[in-house]
């Protein structure tokens, strides 16, 4: 058989991990014989894996996916349990001012969404998605242990005044707890959001989209439990028990992650992609002397091997793909600045509205339930009705279309909140106790905030799901964790932007306080 008789092989090799060999050339040896000689010729055969879409998940695949989704739900339950009444705990127990408490909340939330960049880098190049998630989960537990330690009433627990913890020491425990919690939850987010779709990408793009829909749904299910259950315990029972519940929740999440450990699909590690990315950018911008005279067709071509650079086309094209989507993620910073208001200005507004229902007060944070319910109702409708209908009509919605719709809906929520704030200030008139603080409250019921929370939830159903899928599908396989981290970082920058806006308002008002606090 001669070398010219060989045909290109198209089938994936059996028993092989198709994800790690996608597009990778294979070398085979072929013997050719003639009358006078016998030679061995090496050919390259490109095995391209093209997954056949499946209509359903196998039982084993379903178990693997459910373990990841349960881990996400427990982690989100933990996170939202921490932030649900964070402002109230800071003002009532730690004696911070409202402005300082709001700043702490926003800085914590912002840090949580900036750290995923580092988590994604570690997962892509060093220890993998699973190990990164597991390692940061243990750091998370350390922070979750310190949070209830900052809230426990040691005087009643041990029966003596000498055991009472000062406010300064409680602040130290609490701040250390927030630092470790931020590192833990931030380090988990990018690897877990990337690890999940890697388990279903062999089933086709539709399976990846479905995964992200349910990933967001389970995340909001955790938030629903936190705001409707844990927040009630924190405000009406005690913060010590209210911070102990998220500790148990995260332990359950770690157990769920470990349950299917033997059945996960792990992608091949790529090494120091962040370092390589900076070198590619440097070689593209500042080529060595003499190299710029070579004929090139792109800005980064001088980083390619064929033009005298250090990297092959795959790495250079991956860096270009990441840089192309950065402007879109930057625009999303504006959206997340609006979204962060639900845990800060919306919360402060709710504290100063009528919380009376029957013989008691509803927790201020419970209004977040309407945000999560809105998301959980819309996701199945969009996944099974809206998006398929738009495709049948010949007008499928791209990721950017969905993100644009969500940003418009989010802007409308702020208009509703502004109108409500104007009316709230017109009807101030009674003293209301929330936790250990007393506020000059409005006669308008706190449930008047439902529309603004529901609109934010509706915007999240469009923006969050589409943003996750966009970050995953637009990145090269070697940088999926990094790209997911960069997308999540836009949420962190949004929180910092919101903090800056509040500070500007505080400094530019006549009495040094924002109008939201001035008449309360």
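Every residue gets a Cβ built from N, Cα and C, even glycine.
Note: TrEMBL annotation is automatic and uncurated.
In TrEMBL this protein carries:
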- 1-31: region 'Disordered' (REGION)
- 7-24: compositional bias 'Basic and acidic residues' (COMPBIAS)
- 103-122: transmembrane segment (TRANSMEM)
- 134-152: transmembrane segment (TRANSMEM)
- 172-192: transmembrane segment (TRANSMEM)
- 212-233: transmembrane segment (TRANSMEM)
- 239-260: transmembrane segment (TRANSMEM)
- 321-342: transmembrane segment (TRANSMEM)
- 362-382: transmembrane segment (TRANSMEM)
- 403-420: transmembrane segment (TRANSMEM)
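Highest Cβ pair count under 8 Å relative to the transmembrane segment (239-260), across stretches 103-122, 134-152, 212-233, 362-382, 403-420: 134-152. The transmembrane segment (103-122) shares the most Cβ pairs under 8 Å with 172-192, out of the stretches 134-152, 172-192, 321-342, 403-420. The recorded stretches the transmembrane segment (321-342) and the transmembrane segment (172-192) do not share 3+ CB pairs below 8 A when only pairs 6 or more apart in sequence are counted, and are therefore not in contact. The highest tally of CB pairs under 8 A with the transmembrane segment (212-233), across 134-152, 172-192, 362-382, 403-420, is held by 362-382. Non-local neighbours of the transmembrane segment (362-382) in the same chain are 80, 84-85, 88, 213-214, 216-217, 220-221, 223-224, 227-228, 231-232, 234-236, 342-343, 346-347, 350-351, 355, 434, 446-447, 449-450, 453-458, 460-462, 464-465; each lies 6+ residues outside the stretch with a CB under 8 Å from one of its CB atoms. Panel annotation: around the transmembrane segment (172-192), residues 68, 71-72, 75, 78-79, 82, 89, 94, 104, 108, 111-120, 122-123, 129-130, 132-133, 135-147, 149-151, 165, 481-482, 484-485, 488 of the same chain, lying at least six beyond its termini, place a Cβ under 8 Å from a Cβ of the stretch. Distant neighbours of the transmembrane segment (403-420): 328, 332, 334-335, 338-339, 341, 345-346, 349, 397, 444, 448-449, 451-453, 455-456, 458-464, 466-467, 470; these residues of the same chain sit at least 6 beyond its ends, with a Cβ under 8 Å from one of its Cβ atoms. Listed by sequence, the residues of this chain that lie at least six past the ends of the transmembrane segment (134-152) yet keep a Cβ under 8 A from its Cβ atoms are 75, 78, 82, 89, 93-94, 119, 127, 165, 170-171, 173-174, 176-188, 191, 238-244, 246-247, 250-251, 253-254, 257-258.
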